[in-house]
Amino acid sequence: MKTPDESRRSEADGENNNWEQENRSDTSHNKSPLLSDPWKPCRRHRAAVKELLLKLRCCLGTVCGIEWYGYAALGILTAILSFLMDLSVAKLLRAHQWLYTMLEGNVLLQFFCWTLYPACICAIASSFSHNICPFSTGSGIPEVRTMLAGFEMPHYLSLTNLFSKFLGLICTLAAGSTVFLGKVGPFVHLSTMVGGYLSNLCTLIQRDKKEKAAGEMLVVSAGVGVASCFGAPIGGVLFSVEVMSSHFALRHYCPCFFSAACGALTFRLLAVWGGDGETLQALFRTNFPDALPFYPLEILLFAFLGLLCGAVSCCYLFCHRWILRFTKTNPVFAKMLTTEKGLYSGMVVFFLASLTFPHFAGQYMASKYTMKELLTSFLDSRQWTSQSHNTSEQLEPLLEWSSSGTSVYFSLVFFLLMKMWMLVLACTLPLPAGYFMPVFIYGAAIGRLIGEGAAYLSSTGVTPGQQWASVNPGGYALAGAAAFSGAVTHTLSPVLVAIELTGQFTHAVPILLATLMANALSRSGHRPSFYDALSISKRLPHLPSLKKASPQLPSTPVGQVAVKSVLLQKAAGPVEAEQAVRTSTEMQIPVVDSYESQILLGFVLRSELLTFLRRWKTESPEKHLDEGCCIHQTSIVISPHNTVQEAHSMLSLLGSQTLFVADEGKLVGLITWPEMKRILEDLAKEI
């Protein structure tokens, strides 16, 4: 019996349903279903616009897939963000420089201007990022790599994270060479966020709603981020292949190159329209001699430079790993980095700015130069030491590097010694920051030091058996930049980045040689790279990084971690099938010959098993499992002696959710993708 209230409610619901059916029938007679909801204002104009958009979608879909427009939009939007960020940072740096110049004559006020400006702006960036979105601090590349490995981290792709990371990165870059941090890593993360939203948009627009490969737009976004920072599409794609994905699918090559080319082209066009250049050219255009770029015997010097960069990178990576452990184990630093991030950033940046004050130690480090000006000075092809004796005609870079009256060699050595530990300390700052450009410039300083020494020896005639007219120190700086950054990140993509940045293809061979030598020395001993150390420190379940932290993982047999699954024999009845559906949550339930033999025959899908049970309840006649369901053959069965790493590779490459483990045909268990995630997460917690 229904109560009066329930009967009245059911009658009201029935009237509402009748009204909705009548509204649908009336709408069906209209020319377009978009003319529904007559209460909306301007509904005919809105319907006309929607109809136009539908026709536009059909026209665009006939040319190519909707996702290709998404790739182009990704490159263009990322390039616009990069240009706006560079424009904002340039204005903030120019304001700081103007204020410092206006206080000329008062050293105390200049000191406070030099130190408080970056300290306050970095404290604001750290506090803003911590309060708005704590996930926006750091590089972002370790988290993106983890997402590409199949782990869901929705907070790192949120719109709030995009907003806070963009503004926080502007503040970090506005601190200039005092903090000595870049934008490549965070910008790869920003590009990934934009790619995530465009991927969802393309899925909504697509007519057939087909499922795309997981993370395809995210893989493309990684290469676009580098291309939009440097205008280097080829190096950006190679960076995506080396750093971001442990298994790079061939189907991603064309989308990556297409989107990276759109981003690099837009970035350079915006620079031309902004008045930074007359035509499309390299970001750091150099004037290296093309007739005789380097002498044959200089190959040995480039190889020595690569070994030197590899040795220095080992020292840098050791210091970086030590400071990461120290900040986590030291109670004072751990508490400040947890609760007082703004105060910590302000204190550290104030300390770094005090050391780089131009009237103090900064006069030996060319501290007035910005990051871009530092790299431009290092890539200068003219010899500085030959101009230091000619007071009437000195080069502009030399005026800053020898402003204190000291030797250029002393300034370069002092720069290298100070920036080593200052950069390590800056890596602990809890704010959005990139770490590729600092090591790139640091390597250029190493190469400049070797190049100046070689140029001095060639000009004094010390080199026996070979009359060298001149040596290009800028070529050594370019090789050192690629070698050191490649050794720190364990990649070869900096070679292409360096070539595309400067347009100097004449030095491709020595740059590649130096980078290979540096990588060989840096990779010896299975040392983790810079990004691997960050993944290990943050305890992210990224298998390539965890292998270096726990070498026992690759040798762990998969039989020790295989899950005992609910199974069915081929002669199972509906009662056994219903029990399996209730006790198991797997989408693929293994089927064996019999419970005694445990010989694996294949698997049955959970959806087909539910259909089998519905038919049994409606049609009544009882059937066996092999008569009512299709038993699918398993394409890949692994042995219990296979390792966890091999199982992870198969799950990643095949895109499968389940791997069956069998020993001589007998089912041992199964490895699912959620179970593999749990194994890696447990391993990451034990670090």
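We count from 1, first residue shown onward.
Glycine residues also receive a Cβ, built from the backbone N, Cα and C atoms like all the rest.
Database features, via TrEMBL:
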type	residues	note
COMPBIAS	1-12	compositional bias 'Basic and acidic residues'
REGION	1-35	region 'Disordered'
TRANSMEM	68-87	transmembrane segment
TRANSMEM	107-128	transmembrane segment
TRANSMEM	162-180	transmembrane segment
TRANSMEM	218-241	transmembrane segment
TRANSMEM	253-274	transmembrane segment
TRANSMEM	294-319	transmembrane segment
TRANSMEM	343-361	transmembrane segment
(request) Could you tell me what the rest of the chain brings near the transmembrane segment (343-361), counting residues at least six beyond its ends with Cβ under 8 Å? (result) 107, 110-111, 114-116, 118-120, 122-123, 125-127, 175, 177-180, 333, 336-337, 367-368, 414, 418, 422, 425-426, 428-431
(message) Cβ under 8 Å, sequence separation of at least 6 from the ends of the transmembrane segment (162-180): give me the contacting residues as numbers and ranges.
(response) 81, 85, 88-89, 92-93, 96, 114, 117-118, 121-122, 124-126, 128-129, 132-133, 136-137, 140, 186-187, 189-190, 193-194, 349, 352-353, 356, 367, 369-371, 374, 419, 422-423, 426, 429, 431-434, 438, 441
(request) With a Cβ cut-off under 8 Å, give me the same-chain residues at least six positions beyond the ends of the transmembrane segment (253-274) that come close to it. (result) 67-68, 71-72, 74-76, 78-80, 82-83, 87, 216, 219-221, 223-224, 226-228, 231-234, 236-237, 240, 280-281, 283
